[in-house]
């Protein structure tokens, strides 16, 4: 309170991503760094930059080894001195993370004591334009490990408060109370109530700023309140003027207080209300600020005046979108043509569509046909048009790619004509019903990318499938299992974001693994709560479980249910060790629904009187499917493909979303390691994300085998569905708004575009998991199909 009265305070507004490195770059260098720094783990400098530390005469820093080196590395000369503790101390399972802050305060006091007997150092410390930087990581670490408002977190705040007070007293005593020292207290980012940061919630983007000492304006009486929040009232500061700033504005403020030039790349605006000086000094300072930004304008073509910035952005936007309609139309034509070709190819090769003998050579024949000549002429005209306009080479790809695609569609004219002729014999009402359902289903999947609760609506609708299709009257137990599993799984999207013979020995081993993993998870978190660290036995069992999850399924029988159960148990063990809350229940409920799906699809095949009727109990993944038994596609196979896509989206959004991957909870990997390692932690969390995909993919593999369907034909249907979704997301891609909105819209489009390729790669893995077997103790060769 004393500092608030003798200085000026406000709220610093940060930007996403609210991580340590970009926050410190904004604070000390005065600009918002490009996201390419994440590729180096937020530690190395993709491009060297100027900072207040570099402009100072000398800077002494104490704190984390993840932050301080990047400012020393980019400095010109050797006037930035860093003192860091070992990286191993940044342990989320530490008995007392506040000792990181205690270390900083103790090191500063020891440093000043040593300086009193070191004449060279003492002279350096008494020079002007010096800086001291104290990086206090304990509160952040305790926030991650124990959550804000916990006992450890609040005690750490009290420790920092008393540490700052003692530091100010020590500094004043060291400099003989000469009144030439200024202090700034702030934070690089905030934190949510659940102990994470990285996104754009106000609790992450709003940080405190307190400045006092030499050159800082003393507290002014607040005349009128212009802020909508309740911070003034909550903090009892209604009578003290609040001065908010952008985070990058703090760098020019520090430069002005110590009397050094602004950092070269700074885009911050000097907050004059924090300065206690003459109007002449303020005028010179803001003029220097303007000149510094003007110099950047001359180098980087950035507009100086705010009005000119708006006009320039409008002009840039106009030229940037000048060819949008033209190029967008070409992309849409390519999408429609490609999707049409895939549909015609499915009808031609995988559907029982009768094609009467016709002679359509002149329409869809070889390269000398009129159709070919027409498309070649069209392509030449487009190329000539682009050449006249001196268009870049990428324009040729966008505009010419639809030409061969639509030519391929025209080559399937016979298939299209046969489809038109067979329309009278088709069940039009059933086809129209499927069309409406697929359209509704695709729109539901698109909306679910923005609102997870839409998946709950989809699961509720799917639960009614046996009732609508009539399966409930023929298989009540299986239908009831399907309905209950759908309803149970529908709860998760509403929650907040997070040999030939059966061999039961390995299944029993998997069940024992689940019990062991449950014990490991409980004992690990209990040990961490008691601040006893991560037990070595628990860590060894966790890593062994992860490795064995890839091997144990390959040791079990390849019979359908035995292999699926083995895969499920192995994956659930790993997922359980990576869970911190309700998401531990997600894989079992999802697996229940997948088993119900397999049974009810088999019941559907039996009800339809399939000639290739098989029993699930006798189905073996390792057996080669008889090519003569592979049937053609039917209308209800569209439903199977859609179910597959829907369950893949459920696997992705069931317990989280795109933003939750960016802002993760480190407690998820505590069973494996507690020392911060972004790459190992990221790999473990990525495998956690993939486990539900593997469960759905193995189920789809089972349905292909049990229904005697070609995986190629079903994947082609999935390709059509994903292309239709991608076309929808193409119209939703943004090039304006916040960084988060633009990145999310692009992520949606890329995810759907790459869905088929991702699923095909995943199918290779699941094919090995389901059909391959390691034989131990038998002299027999493995045959890989």
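Glycine is no exception: its Cβ is also placed from the backbone N, Cα and C atoms.
Lifted from TrEMBL, the feature list:
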| type | residues | note |
| --- | --- | --- |
| DOMAIN | 507-738 | domain 'GPI ethanolamine phosphate transferase 1 C-terminal' |
| TRANSMEM | 325-347 | transmembrane segment |
| TRANSMEM | 367-387 | transmembrane segment |
| TRANSMEM | 393-410 | transmembrane segment |
| TRANSMEM | 431-451 | transmembrane segment |
| TRANSMEM | 457-473 | transmembrane segment |
| TRANSMEM | 480-498 | transmembrane segment |
| TRANSMEM | 560-578 | transmembrane segment |
| TRANSMEM | 641-659 | transmembrane segment |
| TRANSMEM | 679-702 | transmembrane segment |
| TRANSMEM | 714-734 | transmembrane segment |
| TRANSMEM | 746-770 | transmembrane segment |
Contact call for the transmembrane segment (679-702) against the transmembrane segment (746-770), three or more Cβ pairs under 8 Å:
yes
Mind checking which residues reach the transmembrane segment (325-347)? Cβ under 8 Å, same chain, six or more beyond either end.
353, 395, 398-399, 401-402, 405-406, 408-409, 412, 415-416, 419, 633, 713, 716-717, 719-720, 723-724, 726-727, 730
Which value does the mean pLDDT take for the domain 'GPI ethanolamine phosphate transferase 1 C-terminal' (507-738) in this predicted structure?
75
Close approaches to the transmembrane segment (480-498) from elsewhere in its chain (Cβ under 8 angstroms; 6 or more beyond its ends):
448, 452-456, 459-460, 462-466, 472, 580-583, 585-586, 589-590, 592-593, 595-597, 599-600, 650, 653-657, 659-660, 665
Please indicate, using numbers and ranges, the residues of the same chain that are 6 or more beyond the transmembrane segment (714-734) and have a C-beta under 8 Å from a C-beta there.
328, 331-332, 335-336, 338-339, 342-343, 345-346, 350, 438, 442-443, 445-446, 449, 633, 637-638, 640-642, 644-645, 700, 704, 741-742, 745-746, 748-749, 752-753, 755-756, 759-760, 763
Are there residues at least six beyond either end of the transmembrane segment (746-770) with Cβ under 8 Å to its Cβ atoms? List them, or say none.
449, 553-554, 558, 563-564, 567, 621, 645, 648, 658, 690, 693-694, 697-698, 700-702, 711, 715, 718-719, 722, 725-726, 729-730, 732-733
